[in-house]
Amino acid sequence: MPTIELKNLTKTYGKNTTPAVNDVTITIADGEFMCLLGPSGCGKTTILRMIAGIEHASSGEIVLGGSVVDSVNKSHFTPPEQRQIGLVFQNYALWPHMTVERNVDFGLRIQKIPAEERHARCQDVMEKLRIAEYANRYPSQLSGGQQQRVALARMLAVNPGILLLDEPLSNLDATLRLEMRAELRRIHETFGTTIVFVSHDQWEAMTLANTIAVMNKGTLQQIGTPDEIYATPQNRFVAEFIGNPKINMIELSKATNSLDKVADHILARLPECAHADTCCIRPEEIVLSDVPHSHTLPMTIENIMPTGGSWVIELSYGSSRLFHSTQQRPYWRVQEQVNAFLPAQALHFFDQHHQRLIIDTPQDESLKRLKQPNQFGSNHTFEPNHPLTQPVNHRV
Amino acid sequence: MPLSVETPHHLKPDWWLRVRHSIAVSRHEPANVIAFILAVCFAYLILAPVISILLDAIFVHSGDAGRTHQDEGAFTLYYLTRAFMSRMSQIILWTPLYNTLAIALGTVACSLTLGVTLAWLINRTNMAGRRWFASALIVPFMLPSWTFAMAWTTIFKNRTIGGQPGWLEALGFHTPNWLAYGFFPIVVILILHYTPLVILIVGNALTRLDVQMEDCARILGAPRRTIAFSIILPLVRPALMSAALLIFADCIGEFAVPYILGLPVNYDTLSTGLYRSLDSRQNGVAAVLAAVIMIIGVITLLIDMHMMREARRFVTVGGKGNMDRQTSLGKFRVIAASIPMAFMLIAMVIPLITLFLSTIMTLPGRFTLSNFTFDYWIGHHLTTVALRNGILFTPEFWQATWNTIFIVGIASLCSGILGLLVGYAVTRCSFRGVSGFLRHITFMPYLVPGIAFAAAFLSLFAVARGPIPALYGTPILLIIALIAEKMPFASRSGIAAMTQLGKEPEEAARIAGASWFTRMRKIIVPIQAGPLATGILLPFISGIKGVSLFIILAVPSTDVLTTYSLRLLDYNYDQAANAVVFMIALIAWFGTLLIQRISGTHLAQGLES
Ligand SMILES: Nc1ncnc2c1ncn2[C@@H]1O[C@H](COP(=O)(O)OP(=O)(O)O)[C@@H](O)[C@H]1O
Ligand SMILES: [Mg+2]
């Protein structure tokens, strides 16, 4: 199974001045399950198409399994016919004039596989993807999910070393998505294929991929495991793009001359971060309590939104707004006062170029003595007798 | 693994590397090669003739040295002056121009009014027999327009010109000249011919309208009249405009109808004037006339493009809420049907019956049993000078039929395939300039009147030039001229079909490892079989009906049915001529029915493009 190396890959369409893909360098290891994640229009599809060879690079290089397939400096280009790659298009691109079976065995026919073996392989793949019963139907007679499985089977039949998938789950309804997700995982395990898929949906990326590459406006923002990406966003874009509800962004640079009470509070508490531009905290990391303390912020509950098994609470302090999310049913009412605690360890800082700043904030002293995971799974430390260590969201 | 995100510092490859890489990429993209070859071919087949016409207008022709007092081949304003500012210019240019514009505008105005009314009756009311009319009303557009002209002269011809009299004259009614020839009959016939086109285009637009928009207005309390004028009309307006411009452009270049109904009484339009100038070897003046027609065409096209841009601002992707919403006509349901019925009678039944009857009557207009005979179809040893057998026993007729099928068949086969190739090349070619050039050049013949085009072909290909031998008198000349003439339609439908298909089916095949020929054979052509069949058959039908190219380029050995019938007409074998015309009309009609059977809705879309 080959690796995929993208080196300084850039793509500019036609006379456009802004590149669709800008200086992207990624190495995708053998057998990896990688997701290119980013908002719509950030160049994900373009990267897939370049790997497949249906677009060519404007500069940079693509190396598949050690051999250069597209390189501007070496003036080399291997056409898609010779790359032995599988690509499942976002809208499947099934051939409307061929039956499911003909769609699936097209690649095998091209390779001049003898009829018997061809039939056997085709049958095998169709059975694995549970489309064998539709073998004689035309694509227009299939549902979206079935069409997608045909598109997958068409590529898997030739057993490509690399499988590229463009937004594999986005056209499916909720139940089909779950089914397909399991399907893709199974394919990854049984076929051992290197899979690169594209998504604009973080849930899809987080639940499927081993590695995620976050992209924005054609540039690579961060590569890492889903956990890394979530826990240590390398820049402001990644922090804001990942996570639902969205991360709370606090502009520190505006603190002194604005009414942002939260920013003032953080600067007062942690003077080390004075040179940071922004700071953010995930909604579930905020700790709410009824009892005030020197490190808490008095806030008003503006809104409580149930989101099916969890709740999002909108808090305000002057003109500042924060969102908190919890899986405990809140017992407060709207307009009630609560005290919000923003643990220093949970704060992410960014400089004016929106890059992550490593700031060695003191762990909140009062919280050091006892290490006790709270119900959100993060490892903040709490002091038993301290007002803040009261189980959160429970009235004393 | 955190990523240090610094400012990108990659080396920008210099242009030479880029070019070399592009070449490496293009080597695997046959569309580029195809695009280049097509561009060269069409530059020679379309651009060269057009340029040669335009040059003809400003350089002294052989034989004109005396008149112009300049050397042959020298630059001259003589022809322009003669056409625009001489004593003759009234006759040469201004009157024909006036006549042409009057005919075009009159036709557009009347056929729009009539067509919109009929389209509304068919698509939006519960008029009796609307479904039947929907397909029947299209028929007149499939018949050659000059079929009507022949039928008209059969009935209304008077003694102003020689030959057999018309029926009315024979029955003792005198038909005035304005009724028999010139403006009035030409406009009436063109209206009958083009109204179905309006019905098609406007009807399509009406059915494509999203009824939800109407419903929404109704919910807001808008009365019917307001809905019609402030919702439906603006939304249908682009379709109306495009129909109007299409008809206008067609009328400007129309040749056969004024040739039959105008030429005998010296009622000239630009295209018959052009023909006359060619006939009297005044190629320079002819070139000026051709240029005038082309300029009108370009202006029309520019207006069309402007309108399209305007229209695109509110393109509505309707279609879903597309129910059969009808206005109830109440007790007028049946009476309303008399309007399309009358149209059918006048535009189809009467002309065809007239034509047919005229072929089985010895003397025109005498409706006695003894006057009827099938001799003109199947007789032997007739007393006429030349045509001694009925048409069906005349070898020339079968020769002409064979020529028609052979020449037009090959030409439309080629133009259908070329059209698809142009569509392929335009959508795939990586050089924008080349694909733009292809797109425009294949559309160019649309702006050039067939007569002028034929004249240019004649002057370009009549003598051997370089490796290309003299082609005059060979079917090849006719075939390539026909291909060039049909390219606007063929390329437009090819481009539309390929754009609609998109690149992905082929890309999927590439990824599966299919070579270019395999992709073409297994993917593109099978998927595009429907459009391809239409792209071949539609030019075939219109090629069979065509007059202007053949009248210039055909010689007796390459006679096709149209020129054969006109030749018969010239010799006053009216019955035989009409018999041939009748056969052409039948072929055209059944051919179109065949297309509709094969391709369903493609026809309406095809006509619109
Ligand atoms: N064929 C094309 N020609 C010109 N621009 C394109 C083309 N394909 C994509 N783009 C542009 O490149 C950018 C990236 O597109 P794409 O890779 O499709 O984004 P994504 O898949 O991430 O949504 C977009 O701004 C898009 O408009
Ligand atoms: Mg995309």
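Any Cβ shown, glycine's included, is placed from N, Cα and C.
Where the annotation comes from TrEMBL, it is an automatic prediction and has not been curated.
What TrEMBL says about this one:
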type     : residues  : note
DOMAIN   : B:97-304  : domain 'ABC transmembrane type-1'
DOMAIN   : B:401-595 : domain 'ABC transmembrane type-1'
TRANSMEM : B:33-55   : transmembrane segment
TRANSMEM : B:101-121 : transmembrane segment
TRANSMEM : B:133-155 : transmembrane segment
TRANSMEM : B:178-206 : transmembrane segment
TRANSMEM : B:227-249 : transmembrane segment
TRANSMEM : B:284-303 : transmembrane segment
TRANSMEM : B:334-357 : transmembrane segment
TRANSMEM : B:405-426 : transmembrane segment
TRANSMEM : B:446-464 : transmembrane segment
TRANSMEM : B:470-489 : transmembrane segment
TRANSMEM : B:529-555 : transmembrane segment
TRANSMEM : B:575-595 : transmembrane segment
Checklist outcome for this item: The answer for the transmembrane segment (B:334-357), taking Cβ pairs under 8 Å and residues 6+ beyond its ends, is 114, 117-118, 121-122, 125, 127-130, 133, 136-137, 139-140, 143, 147-148, 150-152, 154-155, 167, 192-193, 195-196, 578, 581-582, 585
Item to check | Candidate ranges B:33-55, B:227-249, B:405-426, B:470-489, B:575-595 - greatest C-beta contact count to the transmembrane segment (B:101-121) (under 8 angstroms) | outcome: B:227-249
Item to check | Beyond the flanks of the transmembrane segment (B:227-249) by 6 or more, those residues with Cβ under 8 Å of it | outcome: 104-105, 107-108, 111-112, 115-116, 194, 197-198, 201-202, 204-206, 209, 213-214, 217-218, 296-297, 300-301, 303-304, 307-308, 310-311, 314, 316, 446-447, 608
Checklist entry - For the transmembrane segment (B:33-55), which stretch among B:133-155, B:284-303, B:446-464, B:529-555 has the most Cβ pairs under 8 A? => result B:446-464
Item to check | Proximity of the transmembrane segment (B:405-426) to the transmembrane segment (B:529-555), 3+ C-beta pairs under 8 angstroms | outcome: yes
Checklist entry - By Cβ distance under 8 Å, which residues at least 6 away from the ends of the transmembrane segment (B:284-303) in the same chain are close to it? => result 50, 53-57, 60-61, 64, 76, 78-80, 82-84, 92-93, 96-97, 245, 248-249, 252-253, 270-271, 273-274, 277-278, 446-449, 451-452, 455-456
Checklist entry - Can you name the far-off residues of the same chain, 6+ from the ends of the transmembrane segment (B:470-489), with a Cβ under 8 Å from a Cβ of it? => result 42, 45-46, 49, 403, 406-408, 410-412, 414-415, 418-419, 422, 442-446, 450, 453-454, 457-458, 461-464, 535, 538-539, 542-543, 546, 549-550, 553-555, 557-558, 560, 606, 609
Checklist outcome for this item: Per the Cβ under 8 Å criterion, with at least 6 residues separating them from its ends, the transmembrane segment (B:529-555) contacts 142-146, 253, 255-256, 259, 271, 275, 278, 404, 408-409, 411-413, 415-417, 419-420, 449-451, 453-455, 457-458, 472-473, 477-478, 481-482, 485-486, 489-490, 493-494, 496-497, 561-563, 566, 584, 587-588, 591-592, 594-595, 598-600, 602-603, 606
